[in-house]
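Beneath this line is the structure, given in structure tokens, with notes to follow.
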Amino acid sequence: MSPAIQRQAASSGSGSDTDPRYANVDERKRKRMISNRESARRSRMRKQKQVEDLVKETAQLQKENAQLGQQIEVSGQRFREIDSANNIMRAQAMELTDRLRSLNSVLEVVEAVSGFAVDIPEIPDCMLEPWKLPCPTMQLPIIASAAAGDALQY
């Protein structure tokens, strides 16, 4: 401050309260404080909204995570069921292949003993090695019995 302004401020006693030259400065300070407070309030509101949005997003993601966990559990259960059924069918295929071999052996004996030509079907490779695909369909009828299913129970 200039010396003249300092003398005048000291002589007035209450400073800028009575000096009209400082009335604009005080008004600007007051407006700036109001503006700063409003800006801080808006900033707090934005921050609060961001926190609320993050809480909502967290809840949504937790819900999705739980749903995915349930889907994984259901898929795992289905896999175990299908794997179990597949193992049963593999065992049945092996048993049927063994039966077919036995029947072919019987037919060979009948052919040898009777002298009649008997058509003995060959066992396709896919029956001997079921893990190799594709397997051509056989022209043999498939007959299942309840006793065969019971024999495979563990």
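Each residue, glycine too, has its Cβ placed from N, Cα and C.
What TrEMBL says about this protein:
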type	residues	note
REGION	1-53	region 'Disordered'
COMPBIAS	8-17	compositional bias 'Polar residues'
COMPBIAS	18-28	compositional bias 'Basic and acidic residues'
DOMAIN	26-73	domain 'BZIP'
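Each residue in the domain 'BZIP' (26-73) gets a DSSP state, and the totals come to 48 helix, 0 strand, 0 coil. Per-residue pLDDT, averaged over the domain 'BZIP' (26-73), rounds to 96.
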